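To keep things clear, I will list the structure first and then write my remarks on it.
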Amino acid sequence: MSVVCFFSSSSSIVNSHIDNSWLNELKGNIDETNSTVEIVDKFNNYQIYPRIISIVSKDYFKFFKVNLRRTCPFWSDDSKCAMRYCQVESCQLDDLPIGLKGSRHSLVDEDMSIKYMEGPQQQECEEAMQDELGYINTTISAAAMEDFALWQAHDDIQDMYCTLPDDDGEAEYVDLSLNPERYTGYKGPSANRVWNTIYMENCFRPKNLFEGYIISAKLTGMCLEKRTFYRAISGLHTSINIHLSAQYLLSDKGSTFLNPCGTGFWGPNAEEFERKFGPKYTRGEGTQWLRNLYFLYLVELRALQKAAPLLKQVEYYTGNDKEDEATRLAVHNFLGIIKKFPQQFNEHTMFLGGQQAQKLKEEFRLHFRNVSTIMDCVGCDKCRLWGKLQVQGLGTALKILFSNKARTNGYNELSTTVNKHTLQLERSEIVALFNAFGRLSTSIYEIEKFRKLLR
């Protein structure tokens, strides 16, 4: 698989004379699941895609707080993209919904586990916390309390599959609808190095394999957990490449006196899609990479299904009562639809076998956490934005599926009993999770469009 996530070619013409027979091989079983490409296509394109696109367009989900100024910790950042299409338009304070401006409903400084509860349960939890804090404050020194806070922070990090959500002094809100994921012109050694580092240094791999991607035939020699990690990364890479082929810069009129920013026109480029996945360019591996997209789709779908009870309790507050109510109704409807999908990814088959399995689980978490850090090395701001968001979304899904705090009820869903031992999600994680799944849903929808275009 080409390790250039944001690779471009000099051609920007859609060629309808490409041989698409290889795409007919994308059918049948999806590895590590009991579902098929046909089942997912029908379910996604008719039921999920319209709903998730509507959800992520709402104010609660389209504003994402991110720090795009962090320096790359692994190498000198020597290849910043200079094209205007790489730039990100950040939000001014007046652009934000009232709920994100630091009012009493600010989602930055308050306890998120309290924010995302309602009614009697919230009151009970508040009273329990007050009782616990009151008791501790009368018997333990302030210094010891500070130590406890550090210990708790350490425990919380053990559940994080990504670097902590971007909420430091340099983080700012970005309106995702004004900064769509599409081709920007970012390419070359910088883009190559990012994906090479992810595949070569952070994916589990068979011994004596020195290529970036793993030939599908060699995956069978790896354990399920390591195959899952690789398929998830490959599926994410595939999804990004589909977005860039579907939203390719087909023409650029450049800047003029009246329009200094220039005018670009984006659309599907069948030649670029062929270069990303056609057998001639991928040594026959392209359809397997597309299958990995379907696999990742089922992983994140399962996480949403498992977290449904928790997600139903979220207020989705922005300060616009009408909008917030519409968002809640849309999310509840969406969660009801995905609950009906029977062929979910089964996370319970992973990390079985005692101490050795737990060691592998920690390696799994640390490897993915390192991948999230590598996103700070992407030299294109817009590519970095969407890379960080989608990696954080996948990290949130893995946290839901594999955290030791992810206790389930009788319906194999997260328990909604809230205490310090149960899993909670911050706003940034929820926003990233829905948007990341929206990107996967869009990719599968775009595959069908490419089928028709090439036909």
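Keep in mind that glycine also has a Cβ here, set from the backbone N, Cα and C atoms.
Predicted automatically and left uncurated, TrEMBL annotations should be read as such.
As recorded in TrEMBL:
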type     : residues                                       : note
ACT_SITE : Cys380                                         : active site, nucleophile
ACT_SITE : Cys383                                         : active site
BINDING  : Arg182, Thr184, Trp195, Ser234, His237, Lys276 : FAD binding site
DISULFID : Cys81-Cys86                                    : disulfide bond
DISULFID : Cys125-Cys162                                  : disulfide bond
DISULFID : Cys380-Cys383                                  : disulfide bond
The one of Cys86, Cys383 whose CB sees the fewest other CB atoms within 10 Å, among these recorded positions: Cys86
Proximal residue to Lys276 (FAD binding site) among recorded positions Cys86, Cys380, Cys383 (C-alpha distance): Cys383
Cys380 (active site, nucleophile) as reference: those binding-site residues from Arg182, Trp195, Ser234, His237 with C-alpha within 10 Å of it: none
Annotated FAD contacts Arg182, Thr184, Trp195, Ser234, His237, Lys276, maximal Cα-Cα distance (Å, integer): 21
Listed recorded positions Cys86, Arg182, Thr184, Trp195, Ser234, His237, filtered to Cα within 10 Å of Cys383 (active site): Cys86, Arg182, Thr184
Cα-Cα distance linking Cys86 (disulfide bond) and Thr184 (FAD binding site), given in Å to the nearest integer: 5
Rounded distance in angstrom between the Cα atoms of His237 (FAD binding site) and Cys86 (disulfide bond): 19
Densest Cβ neighbourhood among Thr184, Ser234 (binding-site residues), 10 Å radius: Ser234
Among Arg182, Trp195, Ser234, which are recorded as binding-site residues, the nearest neighbour of Cys86 (disulfide bond) by Cα: Arg182
Residues that sit under 8 angstroms from Arg182 (FAD binding site) by C-beta distance, when 6+ apart in the chain: Tyr85, His243, Leu244, Gln247, Tyr248, Leu249, Trp266
